[in-house]
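Marked as N-myristoyl glycine by Swiss-Prot on the basis of experimental evidence: Gly2. Per Swiss-Prot, region 'DAR2 domain' is recorded for 139-255. The zinc finger feature in Swiss-Prot is assigned to 285-324; the stated evidence is sequence analysis.
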Amino acid sequence: MGNLISLIFCCGRRQRSNIPPAMETAPLELPPNRFVFAAVPPYLNPNPNYVDQYPGNCLPPPVTEPPMLPYNFNHLHHYPPNSYQLPHPLFHGGRYPILPPPTYVHQKAVTIRNDVNLKKKTLTLIPDPENPNRLLVSFTFDASMPGRITVVFFATEDAECNLRATKEDTLPPITFDFGEGLGQKFIQSSGTGIDLTAFKDSELFKEVDTDVFPLAVKAEATPAEEGKSGSTNVQITQVVYTKEKGEIKIEVVKQILWVNKRRYELLEIYGIENTVDGSDEGKECVVCLSEPRDTTVLPCRHMCMCSGCAKALRFQTNLCPVCRQPVEMLLEINKNG
């Protein structure tokens with residue numbers, strides 16, 4: 001009985017007594033220069049329970065994503081500065097590609113003095129008044145100094161612009177001297193014309209693979225000083241015969257200029273007439289419509305732009321603004337130089 005009462009008393013005293021505080025254990029110290037890694041890192045919960053992580057049922061603020069930037073005209077995003085795209089030489093700012101400039105070049109023309117020039121549009125065949133079956137060669141030319149013109153039938157040309165007649169026995173070359181002057185008229189002497197009916201069509205109409213031209217005219221300017229014989233200026237005009245509606249006509253296929261022992265081929269430039277005739281009509285650049293045109297597009301030979309627009313065109317397109325053919329070269333021509 002006494003033991004039972006003592007046990008009850010002891011239990012009651014334990015209930016009234018305070019619970020002793022838990023023993024504080026020192027934190028586990030890791031040795032220096034030691035690292036602890038998880039053998040298998042746990043996977044993160046894609047749908048975490050924010051109630052357990054934040055006491056008091058206080059949810060974190062919603063995660064805000066960066067706003068989408070507007071589209072540009074190329075329908076490409078403007079990425080932030082720290083984007084994942086790497087710079088590239090063909091990309092502007094790492095966002096969209098740009099085309100490299102065209103490969104054609106922009107050059108300035110070099111002035112070459114031509115002392116004698118045959119106007120090829122005036123070259124024609126006229127009937128001989130004394131011999132209707134024969135035709136005479138006629139043309140107009142300009143000369144800044146005296147010289148000599150040679151008309152050769154069925155001629156061949158060497159590398160130094162020398163003509164040789166292949167039918168010299170029946171059609172000898174015709175040579176005459178001229179003086180200085182513009183707009184001079186040449187007409188072959190009567191009785192020395194050519195009878196085209198005496199030749200076959202294979203001889204009159206030049207084949208592609210032959211070097212013989214049915215007609216060639218050599219205009220040579222001779223300086224007055226004897227010591228300047230090495231600076232002779234020569235122009236060769238190569239002519240072929242064509243037949244239209246039964247009538248035989250002549251057509252200039254090429255003009256060669258020989259200056260200082262160098263060979264040049266003369267080509268027409270379309271649009272240059274409007275820039276040198278003194279008229280203000282039609283001489284403006286076709287791009288800006290304000291500056292005078294001074295640049296020619298090759299190989300189509302359209303003189304249609306000013307030098308400023310031609311330089312800007314190199315970085316935009318490689319097509320001629322007139323005929324839309326591909327551009328290989330831009331040639332700037334200074335009319336005052």
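Numbers here mean position along the shown chain, with the first residue as 1.
Every residue, even glycine, has its Cβ placed from backbone N, Cα and C.
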DSSP-assigned states of the region 'DAR2 domain' (139-255) in counts, ordered helix, strand, coil: 13 helix, 62 strand, 42 coil
What average pLDDT is reported by the model for the zinc finger (285-324)? 88
Which residue counts does DSSP yield for the zinc finger (285-324) in the helix, strand and coil classes, in that order? 7 helix, 10 strand, 23 coil
